[in-house]
Amino acid sequence: MGTAFAVVLVFVGCCSNVVSLELLVREFPGCGNIVTFAQFILIALEGFIFETKLGRKKPAIPVSNYVIMVTMFFTVSVINNYALNFNIAMPLHMIFRSGSLIANMILGIIILKKRYSASKYLSIVLVSTGIFICTIMSAKQVHDVSSDGSEKQGLYAFMRWLIGIAMLTFALLMSARMGIFQETLYKQYGKHSKEALFYNHCLPLPGFLLLSTDIYNHCILFSQSTPVLVPVVGLTMPIMWLYLLINVITQYVCIRGVFILTTECTSLTVTLVVTLRKFLSLIFSILYFQNPFTTWHWVGTAVVFMGTLLYTEVWSSMQAALPGAKVKAKKAE
């Protein structure tokens, strides 16, 4: 599978996944648990069949390490989805999660004792500033909307929003910690991305028993949604189940695309593709769903992605690739 095919999978899968997720949460804001459960079931089933050969293949990395990774992965997935229940708009949700560079750098400095170039630190300042602008403006919107009701209702809405922001912050740091832990595992045991993908989705499945009541309630709500005729197949099914099916399939396509891309391209190319995909998803979400997005939101978004591109040193790579760059390098030597 070539690079172009992987890029298509990432853009089509991930962008479609964002659209289907928003269709779900707009109707039922608290449906994050059933969405996550469905995604985990499909990916775990595919991995059990094709990666573990129906359980006959032993893992290259000890399962005890996967248990630690899975605990963090499960926590991040559930909290990120559940944060949508706390007055967190989808654009802010996507922008906030784009701050993974900040969390990774901070924990890299603290845990791995890493040191970075001046451009890396500048990129972190840009990303932090962009997220700060968008967060403040979203807070203002929550306050403006809540001011239409009583002062008590307004305070309650704002407090729920603060809880959502705290959840996103915790999930961001936990995700960065998981990345560092995974990096150390790969250095010790070698890269086994498909194996990690399977165990990250298989081992957490018993944990969904704690969420079984919520999942069951949403199953009932989904079943009571408006029935629609599925094209090609010719079957009629509730529209929320159709949205969930689309979400699960596109999530699988998205993850597979990223995996293929990591085997075909450098990490720089992967980061750039994922960044551009996030930006495209954000623009589509704003335009198609008519989410509230002010001029300051646009400024904050632009700063976030400028910082991300600076972090990946895209500009330096482009300059190095220009004709004559190698000649200048030789003269400098």
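Cβ from N, Cα, C; glycine included.
Pulled from TrEMBL:
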type	residues	note
SIGNAL	1-20	signal peptide
TRANSMEM	30-51	transmembrane segment
TRANSMEM	63-83	transmembrane segment
TRANSMEM	95-112	transmembrane segment
TRANSMEM	121-138	transmembrane segment
TRANSMEM	158-176	transmembrane segment
TRANSMEM	197-216	transmembrane segment
TRANSMEM	228-246	transmembrane segment
TRANSMEM	258-289	transmembrane segment
TRANSMEM	295-312	transmembrane segment
Tally Cβ pairs under 8 Å between the transmembrane segment (228-246) and each listed stretch (30-51, 63-83, 95-112, 158-176, 295-312), then give the stretch with the top tally.
30-51
Does the transmembrane segment (95-112) come near the transmembrane segment (121-138), with 3+ Cβ pairs under 8 Å (pairs 6 or more apart)?
yes
Checking distant contacts: for the transmembrane segment (30-51), what same-chain residues at least six beyond its ends satisfy Cβ-Cβ under 8 A?
21, 24, 57, 77-78, 80-82, 84-85, 194-195, 197-199, 201-202, 204-205, 208, 211, 214-215, 218-219, 221-222, 244, 247-249, 251-252, 255
